[in-house]
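Engineer: This is the structure, below, for whatever I ask next.
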């Protein structure tokens with residue numbers, strides 16, 4: 001039997017799910033049915049009920065409507081005789097025993113602000129009861145990727161996964177039809193069974209795990225929305241909330257209503273306009289909001305929405321009605337997306353405030369104040385705002401920019417990188433590539449003369465657009481809110497972790513297997529890498545760790561074992577320092593136990609040649625942690641060298657050339673000393689020439705002689721590598737000394 005074909009139906013969340021059927025009639029008023037006041041006592045209610053029950057009992061009253069009236073009387077008495085039900089009705093207008101998911105949060109006011117429209121089918125608005133498995137209402141893979149995912153950053157989506165032979169899908173179809181409307185897409189979404197319902201928001205997919213009921217679906221949509229969309233506002237934090245317009249560069253919206261929870265439609269609206277407006281909610285049932293209600297003269301019988309811009313003492317716009325339709329709310333928000341004079345903080349805002357000219361009749365001009373954020377500019381900025389509030393022309397938009405934060409843009413207009421005063425520019429954008437026409441109007445300090453000149457220019461512009469005589473290509477604006485990315489990332493991470501925990505607790509384990517497999521694979525790789533690295537490091541430490549006590553070393557006193565000499569060098573060069581009066585103490589006298597300093601003896605004339613050869617010979621030993629490399633200049637510190645050899649116990653074994661007069665005149669160029677500062681001994685390398693012998697050939701000219709001399713110096717260190725091997729093995733002879741020569745010997749004479 002062929003596998004059944006999966007189909008996907010999608011619903012766009014435009015408001016909230018209905019708590020009752022959309023065609024239900026208005027709720028009855030139990031007080032009116034019984035004919036009592038809201039302050040009636042239980043005794044009065046009981047007395048009236050008995051009288052009306054006798055009067056309208058179907059057995060005694062033959063009126064055709066007696067039975068319905070009797071049911072209403074009984075139902076009304078059940079509500080008003082119970083303190084909880086009566087309080088619930090007084091607060092929410094709730095008369096039905098059926099409570100919404102999560103408690104009595106939403107009243108059954110079907111024509112009110114809360115339950116305007118439920119869902120619209122995607123991609124068509126269904127006005128007839130169609131089969132949602134019909135291809136006309138099926139969501140395909142390309143449609144999901146190209147349309148649904150990008151749009152999910154503005155509004156959440158509900159998607160239903162069905163198949164041809166899904167009998168359980170029949171049970172959820174009535175509920176699905178009340179709330180709204182291939183196989184490749186189902187696999188892409190991770191839906192392995194039918195029926196499945198999932199939500200898509202901000203490009204993320206979340207599965208619905210509860211019984212398919214309208215209340216559960218509504219709560220599911222509410223849980224999809226990010227946290228902190230709406231801020232709770234009371235008398236204590238209202239000033240802080242409204243005063244943040246300057247920092248956030250957004251108008252602020254306040255909803256006043258009597259329900260203890262933020263309405264879902266308001267949250268959905270906040271999600272759609274989160275980039276433009278800041279949303280707050282005031283619960284009129286709280287005593288902590290009494291001053292706010294009194295200050296703005298709020299009507300307690302209908303939801304009221306206020307928009308505040310630069311003036312936090314007076315709302316810029318207001319809407320108040322029991323039957324707020326979604327279309328009215330969208331229009332209200334869209335008309336108040338921007339401050340009266342917003343600050344240009346990024347390119348997106350610039351594109352919306354100052355759009356590119358499309359047609360002659362759709363010209364949009366921007367009056368831009370280039371100013372600063374220091375206190376000296378405050379009066380001028382306020383004067384610009386006051387001037388903008390008097391201009392009602394729709395073709396003119398006002399904005400300001402901080403020169404310090406938008407330096408590239410301001411330099412185009414001001415032609416100077418530092419300006420001590422504000423200035424005003426009128427501009428018109430011509431294309432998306434950044435071309436714009438503009439005219440600098442005047443310096444701006446907020447005086448009446450400045451306002452008059454700006455007003456004259458605007459009147460001239462209306463008659464003759466050609467006054468914008470300058471043109472330029474505007475650079476892209478810096479994003480001043482980029483520093484808030486870290487905070488947004490933390491919030492997004494928190495929401496994501498919450499979703500993961502919820503999935504672990506409630507999700508189908510089959511759906512969670514890919515995620516769990518990825519997590520455990522990553523942990524295994526990480527753990528394995530750490531363990532291998534730990535064992536590797538420990539083995540190296542055992543080989544290289546210097547021994548704590550000198551007595552524990554081998555008798556030959558080798559600073560390292562022979563295997564240590566084969567350690568690969570850790571650097572691509574040899575670090576050689578000069579042994580002077582400054583480095584004398586650290587590089588020799590106070591050298592740590594087990595460490596040795598390898599010192600090359602040279603002169604100014606042979607320095608470059610010998611150092612190059614020395615580096616090549618000892619490079620393979622630079623991996624040792626106990627060897628240090630230095631050089632001693634005989635031209636500066638020859639006296640110290642002579643004194644050191646005199647101190648040596650076996651000085652007679654050290655060759656010294658003597659002249660005919662018997663005076664000691666030795667040439668130590670090319671000698672290498674291995675100095676153990678702690679044990680006070682040295683090992684000596686005496687150069688052995690292995691190259692061409694200049695005495696064996698005739699030298700006919702002085703240039704030939706100098707060339708051979710240079711060659712001989714180069715070959716002095718030919719066997720240094722073999723000597724270093726013996727040094728590491730500990731087989732070299734040691735010359736012990738009673739003490740190291742003093743600092744007066746190492747310091748060059750003056």
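Cβ coordinates come from backbone N, Cα and C, glycine included.
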Engineer: Need the matching range: TrEMBL marks region 'Disordered' on one of 484-512, 513-541, 542-570, 571-599, and I'd like to know which.
Structural biologist: 542-570
Engineer: Count the residues of the domain 'J' (29-93) that DSSP assigns to helix (H, G, I), to strand (E, B) and to coil, and report the three numbers in that order.
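Structural biologist: Counting residues by DSSP class gives 46 helix, 0 strand, 19 coil.
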Engineer: Averaged over the domain 'J' (29-93), what pLDDT does the predicted model reach?
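Structural biologist: Reported value for the domain 'J' (29-93) is a mean pLDDT of 85.
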